[in-house]
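Single-structure report; data block below.
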Amino acid sequence: MIELKTPEAIESIRRAGAIAAKAFRAAQKIAAPGMTTAGIDSLIKAIILENGGSCAFLGYRSFPAATCISVNEEVVHGIPSENRILEDGDIVSIDIGVDFDGYIADSAVTYPVGKIGARLRNLIRVARKALQEGIKQAYAGNFLSNISHNIQRYVETNGFSVVRDFAGHGVGRAIHEEPQIPNFGKPNCGIKLKEGMVLAIEPMVNMGSWEVEVMPDGWTVRTKDKLPSAHFEHTVVVLNSGPEILTCL
C-alpha cells in the first residue's frame with residue numbers, strides 16, 4: 001500500500017532534507033585526498049544530531065554507520081572505514097538518511113576527489129542529469145514507469161548503464177516504502193502517481209556493465225567488471241503542480 005503523505009508529514013520530510021543538505025555541504029569540503037570514509041561519516045553524523053535529526057541508516061538491518069560511503073567501483077551501501085583513505089582521482093558516493101520527527105529524507109551525491117579524468121567527469125554528469133530527467137516525470141497523473149524509462153533512456157543514450165538489481169523507493173516513516181522505482185523499464189504502464197506520494201529517486205549509473213555483486217562484508221555493492229559507478233538521489237513529493245525536491249542542496 002502506498003501512503004499519501006499529509007502536509008505535516010511532508011514538512012517533516014522537508015526539514016529532514018534540509019539537515020541532509022547541510023551535511024552534504026560540509027562533507028563535500030572534506031572529501032579530499034587523505035580523508036578516510038570514517039572521517040566523513042563522523043562529520044555527517046555530528047551535523048545530523050546537532051540539527052535535531054537522527055541517523056536513519058544507523059542500525060537499520062544492523063547497518064553499522066550513519067552513512068553509506070562508496071568509492072569508485074562500489075555502487076551503494078559502502079561501510080565507512082578508517083582504513084579506506086580517499087586518493088586523488090577517486091570518486092566517492094555519499095548516501096545520507098535523516099529522520100526528523102519520525103519522517104525520513106534520503107539523498108545521495110557522487111563527488112570527485114581531487115582531479116579526475118574526463119570519462120569520470122562525464123559519468124558523474126550523466127548520473128546527475130539522469131536524476132533530473134527522472135524527477136521531471138514525478139507529477140500527479142503520470143505513470144510511475146515514466147520515471148524509470150526516462151532515466152534509462154538518458155543514461156544509455158550517453159553510453160553508460162543503469163543498475164538493475166537495486167531501485168528507488170517510496171520513503172516516509174520507513175526508509176523503504178512502496179512503490180519500488182527501478183531505473184529501467186517501459187513507458188506508460190503500471191501505477192499512476194498521486195499527489196502526496198513521496199519518492200526517493202536514485203539512478204545508479206555504471207561506466208561498464210549494469211551487473212553488480214555484494215562484497216563479503218554483506219553490505220557493499222560493487223560493479224562486477226570493477227569499473228566505476230556514480231549515484232545521485234533526491235527525495236521528491238508528487239504534487240498536482242509538479243514535483244518538489246525535498247532534499248535540495
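In case you wondered, yes, glycine gets a Cβ from its N, Cα and C as well.
The following features are taken from TrEMBL:
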type    : residues                       : note
BINDING : His77, His176                  : substrate binding site
BINDING : Asp95, Asp106, Glu233          : divalent metal cation 1 binding site
BINDING : Asp106, His169, Glu202, Glu233 : divalent metal cation 2 binding site
DOMAIN  : 11-238                         : domain 'Peptidase M24'
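Overlay of TrEMBL annotations on the structure.
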| residue | record | Cβ neighbours (10 Å) |
| --- | --- | --- |
| His77 | substrate binding site | 21 |
| Asp95 | divalent metal cation 1 binding site | 22 |
| Asp106 | divalent metal cation 1 binding site | 29 |
| His169 | divalent metal cation 2 binding site | 18 |
| His176 | substrate binding site | 16 |
| Glu202 | divalent metal cation 2 binding site | 27 |
| Glu233 | divalent metal cation 1 binding site | 24 |
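The shortest Cα-Cα distance between His169 (divalent metal cation 2 binding site) and any of the binding-site residues His77, Asp95, His176 is the one to His176. If you measure from the Cα atom of His77 (substrate binding site) to that of Glu233 (divalent metal cation 1 binding site), you get 13 Å. Closest in space to His176 (substrate binding site), of the binding-site residues given as Asp95, Asp106, Glu202, Glu233, is Asp106, taking the CA atom of each residue. The two recorded residues, Glu202 (divalent metal cation 2 binding site) and Glu233 (divalent metal cation 1 binding site), show a Cα separation of 4 Å.
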